[in-house]
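Beneath this line is the structure, given in structure tokens, with notes to follow.
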């Protein structure tokens, strides 16, 4: 009988520094996903070694790296064979611009700084293909002949796999938010998309003068007509000393404390008096019967309670009025709008099919705004009139949309990310300037790390608060501390690695609880300026409230703004 002990699943796991040989099974992709510590599981063509998404890393079998597929310039979330690129962009891509632009499209209409502020929603930058060196003259000619502006998605996993992969010797990428970066060896991107550069089997050219073959250069530069000011380059947080990180946290805390009184001055006296002692934001968790059916399903409960509370807030403040026009920003699939429609007619369950939908006798108009198209939209369950605007909020002239000037509008959104919130507030102000009426605003805030200083809606507030461009970027980075979770248990030596003398740096270390507090204060600094903007520019009474518990969502703060004749606490 063997004396060996049974091997547990954890013990049998392969160490991450050990990479197996590419899969021998035919049809398996040879791209190694370092973050998953395995090879890609997607299938390949019979004659290929890489799947369609990772075909950008395929080689010709020689020492020359050649990309067969590239991210589509109109929508980098998918790739296209380079020989079909021009035809794809002109006739086939679902993201290609319409031949005739709608009347409500006005480029950069809602950006505060024009033209240098054209950094789009949620960390998306308008860029132009400046130089794409693909190894052969034919491929370079095919690509460089296309001069288009496209939305580069910082969170696109495929794009990071492209730029972080070591194809040949080096990979040089120029982005407006950073200096030229040379990626050598194993690299971990800032957005936690890990790609191991050793996955490529492409070897550099032996000819030192052959720069085309020895290195793949992807040069992305700002469009001269869209982005003229580069964002300051900062040293990444992981390379800062704990002493400097502590000083930034202390500065954020001092800025927050200095702005608290300014926020309180925005609140109506009745609202301020209703606040509990030593509390800056009310906690008001409401419910609504329109979510009864969803709650009984006991699936996606955390989303159900958030949606129910938001509908409860709308009902409490008189925003569920059939005389209003409802506009959802960042609508996605339109699920929240579906429940707003249920609330207007007293429904408690969602129909299972389009055939079960009963049209409303007096339909209420709804407008859903999102810059992407989605599958499995909830529009098929609509019992009211719904129109979708597939447009970036920064380019939206809301007053030019048919029917929106006829009624007061209610603007709402669940978790409108980062700069999209700022663009929405600016969009509503522009709407009012052209004669539109805003009956109320309800936005569940989130993703402050994706805010952009060039797009922030209240630059005067930042100036008064002594928040310059560099500190703004630090604020957005530190705001992630509020939601990043507790780090894994690490030894003190790891915490202090590369930080100089351990004893000197130890006094500046921050625990998880302290980091979370600082992260929330960074978020509130940005939210205070948004509230001030609503008060001064839209003549609405703003208030920040906790609409849900942290157990349901760490992003549990909502921004409510009502006409001056009505306040949130009086409704």
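Cβ coordinates come from backbone N, Cα and C, glycine included.
On a predicted model such as this, the values are computed, not experimentally measured, just so you know.
When TrEMBL is compared with the stretches 102-139, 140-177, 178-215, the one noted as region 'Disordered' is 178-215. Among the residue ranges 1-28, 29-56, the one that TrEMBL annotates as region 'Disordered' is 1-28.
In the domain 'CHHC U11-48K-type' (69-96), helix, strand and coil residues by DSSP number 11 helix, 6 strand, 11 coil.
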